[in-house]
Each structure stands twice: as structure tokens, then as C-alpha cells.
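The structure appears right after this line, and notes come after that.
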Amino acid sequence: MSEMTPREIVHELDRHIIGQAEAKRAVAIALRNRWRRMQLSNELRQEVAPKNILMIGPTGVGKTEIARRLAKLANAPFIKVEATKFTEVGYVGKEVDTIIRDLTDMALKMMREQEMEKVRFRAHEAAEERVLDVLLPPARSNWGEAEKSETGTHTRQIFRKKLREGELDDKEIEIDVAAPQMGVEIMAPPGMEEMTNQLQGLFQNMSAGNTHKRKLKVKDALKQLVEEEAGRLLNPEELKEKTIHAVENNGIVFIDEFDKICKRGESSGPDVSREGVQRDLLPLIEGCTVNTKHGMVRTDHILFIASGAFQIAKPSDLIPELQGRLPIRVELKNLTVDDFERILTEPNASLTEQYQALMATEQVKIEFTAEGIRSIAEAAWQVNERTENIGARRLHTVLEKLMEDISYDAADNAGQLFSIDAEYVNRYLGALIEDEDLSRFIL
């Protein structure tokens, strides 16, 4: 997992997300605490529980983006889910246990890639030998056994050199490759996921070990054979053990739309997608054992980060037991005009950079002046204030409308320079911003 300090994590998040320093600090400390815990003695390590986080803030202020960037920084098993996808046990819909099953599947894929990287050199050598066997079939004796000769060995070395230098890349060869596993989707009733996994595993095992001939270019054949040979060098049981250890000690679950599972008002009927889901999440967040197809996974030390807008419901509307399982509360602020201005220019691959790069593919140069960027930021902020506040996502809508004509005629304007200044922004967006009804539908 990542060994970055909280300051380094915040600095990395600052490259992509503007503002929200409090949320970044909380997430950075939580991530660093995962590393700190792993440095403790085994006895003490079992006692240190993660401090789960509840992020509160309106839509479009960076909650999901923080999670997305955190996933890349963490170098640990990470999954993002929407709370609205789940229902109470016994009803149609996903059960909360599938969160851990999906997290384990993703962790296995990540661990497999890491382990394959370690054996890639040996796998590449084995794949080279298989390609050379096809290009230069070894001479056979009368008894059908392969014979070695100095001439054959010398020729093989010449071909090996050509293969490594790419001279044989476009030559077509026929090789035996592993047959693709049988993909079987089984729709199972709630609570029967384990049986479904076993049946899927049974069908996949039926096709395991089968091979079929394929005609491929040497370059593509080598790539496929390297993956195949690397897979053979891995120990499946050891891989599963490492995966479960990584999930239990470093796993991070980000649950979005958490406010949507709050119970609103008094209702006498069953609330299967709200309070029932909260009660199902309780043991998961507190610590329980989930049965997955890779083995039993304990959730005691998995970090849970919940986030929601909480515009209608309040955090206090969550059941008290769940509130206690999310001790760290972080409030994300509404974005200002200055924030919008910074979002347009400061992050890596900012929106203005993206449009400039897209238009450059058709030899059209776009220049955003400081006044133009300020006008775009003000336009987005005004529309948010007058209609629905969707945060930074409004910038996408405003910019797309602003660039519509340039994008449409780009092929006819190769070599031209367009300057997006305050006057240009006012010409294209002024009337829309002033007319509230129009801005509701178009912006």
C-alpha cells in the first residue's frame, strides 16, 4: 500500500481537486493510519480499528473526485459503490455483502497483476521458447524424440536475436493457446450468491486446460503467450491468501449517496431500501465475516468512507448505531466564483487544457484570456444560484455551450486562432444567463 505522508497525499490531491482542505486532510490521515497500523506488533495491530469517515456536502463539490483520486494513490484494494443500489436482505436487489465480494474480486485482479509483474521475465523467456519451437520445429529422430545439433542451436540463436529485435513481428504463426473460459451468467434469488459463485466456478473449471489453435502475428502471439506463461507460474492458493490479507488490512470502501438511505418522515410501510439497508450495513462497518468465493473475509479493519449531500435528510436521521460507526465528520463547502476560476485553470488536465488539446487535433488554436475565464466562472456560478446548484459540473455544461460553434466548424477553420475573452463569453452566454427559463433548459 501507499507509504505517502498526509502532506504528500494532500499535495497530490491538490493537483486535481480545488479547495476542500478539511476533507483532504481527513482522508489523508485515514490513509496514513492504514500504513501506521501495519508497522505495529501483531497483538496491538488487531486492536487498532479504522476511524470511518462521513463526508457531507452538496453535489459537485468534489466528494466523488476525492474518492476517485484516492483510489489511485492508495495502491490498496478500493471499491466505490452507491448506497441506493442495495436493499434489505430478502428483497429484490443487491445485498450489502456483495460490496465485500466485489472488493475481493477487484483485489484479486490487482494482486494477480502485481504478482505477474514479478514473474514476467521468466514468462517472457518461456514464451520466446514456444514461439521459436513453432518457427523452428526441432528435428526428430526415428523414435520421434527431439534431436539437438550445433547447426540447429546456432540457427535458433539467430532467430532469437531477430525475434528480440522485432524483425519477425509481422510474420504469422499458428500456436496452441488456452481456450477462453466459459462465461456463464446465473440469475440467483437473494441470499443464494454463494451457490451462484460455486456453479459459475464449476462451469469455468469444465473449460480449464482446453487449448485451441490460433493464427496470429508473432508480436501478438508473444504477448498472449507471456500472459499464459505468467499465469502458470503463479500459485492460485497463495494468490488468494495474499488477496484476503490485503482486503482485510488495507481495503477501502467508498459508499456514495449515503443520504439516500436515511428514513424521511414517519411511514408505516416497510422501508426496504433505507433503514433496512442501514441495519444491514451496521455489522459490515462494525466488523463481521463475509463468505466470498476466494475465502472468508473479516471486515474489522476495512476503512469505510461514506458521502452524501444531506440536503433533505440530515446525518442525525441515520440510525444512532450507524452514526457511532462513522466518528469522523467532514463538511465540504459550496464552491465560489474564485473556486470555479481555479478549477478552469489550475488542476492537471484542466477543462480549458482539455478543450485546447481537442481542438489542436484539427489544427485549431484556442486561447482563454484571464477575463474570459473569469466570465465563464461567473456565468456558471450565476446559473447555479438561480436554478439548481450542481457545483463544478455546471462548468462542463457552460463550456460545452460556449465551444459549440467552434467544435462544429473546426474542420473548416484549420490554422485559425480563437480567443475566448469576456466579450466572446457574453455574446454566447449573456442572453441565456439573464433568461432564467432558458438557462433551466439549456445550461
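Just so you know, glycine gets a Cβ as well, placed from its N, Cα and C.
Here's what Swiss-Prot has on this protein:
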- Ile18, Gly60, Val61, Gly62, Lys63, Thr64, Glu65, Asp256, Glu321, Arg393: ATP binding site (BINDING)
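Annotated features, which come from Swiss-Prot, shown on the structure.
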residue: Ile18; record: ATP binding site; DSSP (3 states): coil
residue: Val61; record: ATP binding site; DSSP (3 states): coil
residue: Glu321; record: ATP binding site; DSSP (3 states): helix
Between Glu65, Glu321, which of the binding-site residues has the fewest other CB atoms within 10 angstroms in the structure shown?
Glu321
Within 10 Å of each Cβ, count the other Cβ atoms, then let me know which of the binding-site residues Ile18, Val61 comes out lowest.
Ile18
Cβ neighbour count (within 10 Å, all chains shown) around Lys63 (ATP binding site):
27
Residues Ile18, Gly60, Val61, Gly62, Lys63, Thr64, Glu65, Asp256, Glu321, Arg393 [recorded ATP binders]: greatest CA to CA distance in Å:
34
